[in-house]
Amino acid sequence: MSLDLKNIVTVIQAKWLGNRTDTNIENISIDSRSLQNGPKTLFFALVGPNNDGHDYISTLITQGVHNFVVTHIPHELADKASFFVVDDTLKSLQIFAAYYRSMFHFPIIGITGSNGKTIVKEWLNFLLSPDYNIIRSPKSYNSQVGVPLSVLAINEKHNFGIFEAGISTRNEMEKLEFIIKPTIGILTNIGSAHDEGFSNIGEKIKEKLKLFKNVSVLIYNKNKTIDSFLNPTIDTFSWSCTDHHADVFITTKSILDKTILKVKIQNNHFEIKIPFRDDASIENAIHCMMVMLYLEYDYQTIETRMELLFPVEMRLKLKNGINNTTLIDDSYSSDFQSLKIALDFLESQKQYKKKTLILSDIFQSGLSNEDLYSGVSQLIISNKINRVIGIGETISKYKSKFLNCTTFQNTDDFIANLNQLNLSNETILIKGARTFHFEKIVAALEEKTHETVLEINLNAISHNLNFYKAKLNPETKIMVMVKAFGYGNGGFEIAKLLEHHKVDYLGVAFADEGISLKNSGINLPIMVLNPENSSFEAIIQHQLEPEIYSIKGLKAFLKIAEQKKLYHFPIHIKLDTGMHRLGFEEENIEELILILKASKAVVVKSILSHMATSDDVKHQAFSLSQIDLFEKLSLQLITALQINPIRHILNTSGISNFSQAQYNMVRLGIGLYGISNDAEEQKQLENVGTLKSIISQIRTIDAGESVGYGRRFVAEKPTKIATIPIGYADGISRHWGNGVGFVTINNQKATIVGSICMDMLMVDVTNINCFEGDSVIIFGESPTVIYMAEKLKTIPYEILTSISQRVKRVFYRE
Ligand SMILES: *Cc1c(COP(=O)(O)O)cnc(C)c1O
């Protein structure tokens, strides 16, 4: 894009203030962290519940950004940049995107529905790309912010668009329709997601249908409920597997791992085969086929292309690589937009200073190769990538555009030469179009793992953090507890994400946990809950901050601090207000004051206490008495010492139930990991961890035969048994076996039969269509950790922290 600022200002009806520089705009940004920000960037300072873009303007100015769309000009910056003042910056971004969209006149597909939007979009892109230059939403950019950003990536060379629109509540779709202005509509389906935002299903359907207000055709699965809401003036092209009134009637038949679709349209019949057998994939594939029929593709082409559909992996995965490397696996797509996103992710995750990009040829940019690879080169330079490994014939030709670049003609070539490349101590982004099969590179570079992994959804962690933030006063600080390896979820990666989100403190149980975080480059202050005297030296050396809970501990720490001639080293004073675990009691306070008054070696950074029953209304009176005592004792310290420390007493359920006692900081723990003990609140959190494995073997046993040690399960009828390579050594309680627990295979429950072994367990899959190698969910969306804890008569904390360290953690972003 290249647009005149004057035009933009007119379109969004902004007041142009500040120091005026006329320039062309080539990049729109809303993210202060994006390394693509520069002199030709127009930055929209969006104001969200958790973040205000205006706070970043002064930093951005030092980084060379001159142009800002704002609601007000931050203090003392008026003459430092150009400001375009509007009432609502998000609305301006949307208006601008709609204006930009109106400059292009080619077919645009708008997709909405509860599930399948992203897969349908990616598949259509694959099916239609031989014939069109397609612009599509990157990843699942389908929100009020994501849609305008997607649309703003259109350029002159595109001749077809595919955008998804996602809504979570009333009155959102109209705005998205105004921006996308689709000419072809697809309604994937209506499920129960986001029901909270609507008073009933009818309201939700009506809202979604607003996307199709101006389309020439709507493609959908014919269904009475939807028909009753559909505006009769809209042209439709419908399909069904049950209703013969639909334009296209389909019957399906599964054969092993494929499905045959028998299609009847008017009086014609044809058949296609797709490499999937689950209902969701079949439905998504049919929507794609409908688009091809509508675009008048011949049956032969439809058949050939549909047979090549592939599973869509929409996530950037973070994996441990060989030789101390971290891999960012984005091995399924390569286009300019998603390269930008992946590079931003790389920036946020850098565990090693050195950064390498492995990149294939880029397809469908709509630009000439010359312009494209110049653009890619600029992107790589601004992201400070140390080394580029290009794979493919085209990128090889443009090698000279990159610094420190090695190229290979194809993926096998690269793998054959892997040893000479000395990949070590670095973060490697692996980004390639599907045809390059970069999964082979990932397999070659990945640290070998068992089939069992705990997948951690980093987006869900951000969501949960913001959920609790929204419950607090804006100035209340947040300490996040990452003890016990982030409640079993992973220490460093989560700490890195929290640093990114600018939380104020981290909390760990023991010094070594804090040391390992500091050593891997975490700069946030870290409080150590239970510093043993033997670790005081290390605590000081690594600038950790001890919680001091006894006179004895205080004296021991002071002795070392004074020897080292420290001045005002931060410590945290823990008060016992009723938990009776650690802390100073009321009768210690006088002595505590005397000792602290006498030393300049330490300073009381914070005063804290911990609640025993914040999760239980039954004990509300007790909780309130703890808060009262905390108020009294902390005030006593503050007055006597004349200090102004941070005070904090609330953990996760404290935040929910006693927010009046949030003081200056709260300590968020289990809630971050997606678990609340309040059922209503639970619905609003997102699941963070999914423990997954695979089926190693399937067999059928006869009635009377038994399974496992002790013959604890005996089949009453012929029974199909699947063996899963996860057992009690991985942290799955033996109490979960013998018919108590279940796993999920292909969306169905499979009961655990027989006793759980050390490294394996067996499940009954008699009624489940499944194969060896299929994925198995041990916990996640179903069963949930909460459900398991209930059945096992324990708490979610124990289930999460029991998962053994031999289970690999894989982190991903959606
Ligand atoms: C673990 C812990 C927390 C966090 O508790 P959650 O219930 O997980 O929110 C807070 N404070 C202290 C002292 C803790 O030990």
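Sequential numbering from 1, following the chain as shown.
Positions of Cβ are set from backbone N, Cα and C atoms, glycine also.
TrEMBL annotations:
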type	residues	note
MOD_RES	K483	N6-(pyridoxal phosphate)lysine
ACT_SITE	K483	active site, proton acceptor
BINDING	R581, M758	substrate binding site
DOMAIN	688-812	domain 'Alanine racemase C-terminal'
ACT_SITE	Y709	active site, proton acceptor
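Other C-beta atoms found within 10 angstroms of the C-beta of R581 (substrate binding site) number 11, with every protein chain shown included. In the three-state DSSP reading, K483 (N6-(pyridoxal phosphate)lysine) counts as helix. Taking a C-beta cut-off of under 8 angstroms and a sequence separation of 6 or more, M758 (substrate binding site) has the following same-chain neighbours: G727, Y728, A729. DSSP assignment over the domain 'Alanine racemase C-terminal' (688-812) gives 23 helix, 45 strand, 57 coil. In this structure, the CA atom of Y709 (active site, proton acceptor) is 36 Å away from the CA atom of K483 (N6-(pyridoxal phosphate)lysine).
Comparing the residue listed as 'N6-(pyridoxal phosphate)lysine' with R581 (substrate binding site), their Cα atoms are 17 Å apart once rounded. Confidence over the domain 'Alanine racemase C-terminal' (688-812), given as mean pLDDT on the 0 to 100 scale, stands at 95.
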